[in-house]
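Asks: Have a look at this one before I ask anything.
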Amino acid sequence: QQANHVVATIENLPPEGGGGGRSGGSSLSAPSSASLSVRQRIRKVFNRELLLSIALGQVLSLLICGISLTSKYLSDDFHANTPVFQSFLNYILLFLVYTTTLAVRQGEENLLAILKRRWWKYMILGIIDIEANYLVVKAYQYTTFTSVQLLDCFVIPVVILLSWFFLLVRYKAVHFIGIVVCILGMGCMAGADVLVGRQQGGGENKLIGDLLVLGGATLYGISNVCEEYIVRNLSRVEFLGMIGLFGSFFSGIQLAIMEHKELLKVPWDWQIGLLYVGFSACMFGLYSFMPVVIKKTSATAVNLSLLTADLYSLFCGFFLFYYKFSGLYLLSFFTILVGLVLYSSTSTYIAQDPRVYKQFRNPSGPVVDLPAAGQLEPSVTYTSLGQETEEEPHVRVA
């Protein structure tokens, strides 16, 4: 504003010595306009939507940090190795809150109406979600903590490929640059773990553990992409209600078969009960809040944001478990944040009109007349993070 005031004042001065006043005014206005353009570009990148999206992703990372801390206390201090039971508690909470909400609704959004149309799809999705959680937790018994951290990043290319082929999301060069920067940040954290000797876990069957992580990451990717489609085209309550219904049913069966003996060995007292309550609260918050963030951003953006979750757990571990500190952890944290900003600075777009999707669409719903195949144009109305810039105008389908 001060620069504009100076330029306006100089331009309004009477000319002295012929064209001297004009040349002086133009020489001062050029750099001020350049500085304004830089400010405008910075404001476009670091806009309110971008900062809000990154902040929401970090809230999810903090919830995962709470899940990790309570799980560590349960397994290390109380020898309660019950991952299936812990997931079962979360699915029961989802059932009590969201499935019952669907049960009391009327019309096409009622629980029975949803089950009649697409019960088998949600059943498969529920099993995928259960086994994704189980495989990653089980992998800690066979491989190192660092291997789990690195191989768990496999969920990112899985989400990108599935979004590309099934959601028709198209990315730009800056998105891939941001993704690479985020993964480099994870590599920096893994290197810090090696330097400080933080190589927990790891048995004789390290290959089995690595394969379990890759399998769990693949299932996570499938679950996240399905979740993105459902919350964008149907509703968040429907997704969580169906996950609560089938998740509690199948995890209950898995608990009875695989973990009932471990559950009997747990030395129950008020401390263990409080840890289970804390774990369930964080897990329930994560499942309830993640669809909100995915709808606002995308499955890819959420998984990039979750890369900082291990760092939050490390920062807490410095005070609670006396982990060794390394400056590479801070470098890793800021590298991941830089990658998030790069990814968030530009919006993705859909390759064609999203109305052609019919996988989960209600067949009894209103029929929309689609334009002829030759008239379909690319649409850029689908944003992953942040708002569309002025250089990228919206293109609507005729």
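From the backbone N, Cα and C atoms, a Cβ is placed for every residue, glycine too.
Curation does not apply to TrEMBL; its annotations are automatic.
What TrEMBL records for this protein is below:
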{"type": "REGION", "residues": "11-32", "note": "region 'Disordered'"}
{"type": "TRANSMEM", "residues": "50-69", "note": "transmembrane segment"}
{"type": "TRANSMEM", "residues": "89-107", "note": "transmembrane segment"}
{"type": "TRANSMEM", "residues": "119-137", "note": "transmembrane segment"}
{"type": "TRANSMEM", "residues": "149-169", "note": "transmembrane segment"}
{"type": "TRANSMEM", "residues": "176-195", "note": "transmembrane segment"}
{"type": "TRANSMEM", "residues": "207-225", "note": "transmembrane segment"}
{"type": "TRANSMEM", "residues": "237-258", "note": "transmembrane segment"}
{"type": "TRANSMEM", "residues": "270-289", "note": "transmembrane segment"}
{"type": "TRANSMEM", "residues": "301-323", "note": "transmembrane segment"}
{"type": "TRANSMEM", "residues": "329-351", "note": "transmembrane segment"}
Asks: Run the contact check on the transmembrane segment (237-258) against the transmembrane segment (89-107): 3 or more C-beta pairs under 8 Å, excluding pairs closer than 6 in sequence.
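Replies: In contact, yes.
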Asks: Select the range from 50-69, 176-195, 207-225, 270-289, 301-323 that forms the most Cβ-Cβ pairs under 8 Å with the transmembrane segment (89-107).
Replies: 270-289
Asks: Could you check whether the transmembrane segment (149-169) packs against the transmembrane segment (301-323) - three or more CB pairs closer than 8 Å, residues at least 6 apart in sequence?
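Replies: Per Cβ check, the transmembrane segment (149-169) touches the transmembrane segment (301-323).
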Asks: Using Cβ distances below 8 Å and needing 3 or more such pairs, separated by at least 6 in sequence, tell me whether the transmembrane segment (207-225) contacts the transmembrane segment (119-137).
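Replies: Touching, yes - the transmembrane segment (207-225) and the transmembrane segment (119-137) meet the threshold of 3 or more Cβ pairs under 8 Å.
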Asks: Look at every Cβ pair spanning the transmembrane segment (329-351) and the transmembrane segment (50-69), keep those 6 or more apart in sequence, and say whether at least 3 of them are under 8 Å.
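Replies: Yes, the transmembrane segment (329-351) contacts the transmembrane segment (50-69).
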Asks: For the transmembrane segment (50-69), I need the partner stretch with the highest count of C-beta pairs below 8 angstroms, choosing only from 119-137, 176-195, 270-289.
Replies: 270-289
Asks: Is the transmembrane segment (270-289) packed against any residues at least 6 beyond its ends, judged by a Cβ distance under 8 Å, and which are they?
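Replies: Non-local partners: 59-60, 63-64, 66-67, 70-71, 73-74, 78, 80, 86-87, 89-90, 93-94, 97, 240, 243.
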Asks: Are there residues at least 6 beyond the ends of the transmembrane segment (176-195) whose Cβ is under 8 Å from a Cβ of it, and what are they?
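Replies: For the transmembrane segment (176-195), the sequence-distant neighbours (Cβ-Cβ under 8 Å, at least 6 residues beyond its ends) are 145-146, 149-150, 153, 156, 160, 300, 304, 307, 310-311, 314, 326, 328-329, 331-336, 338-345.
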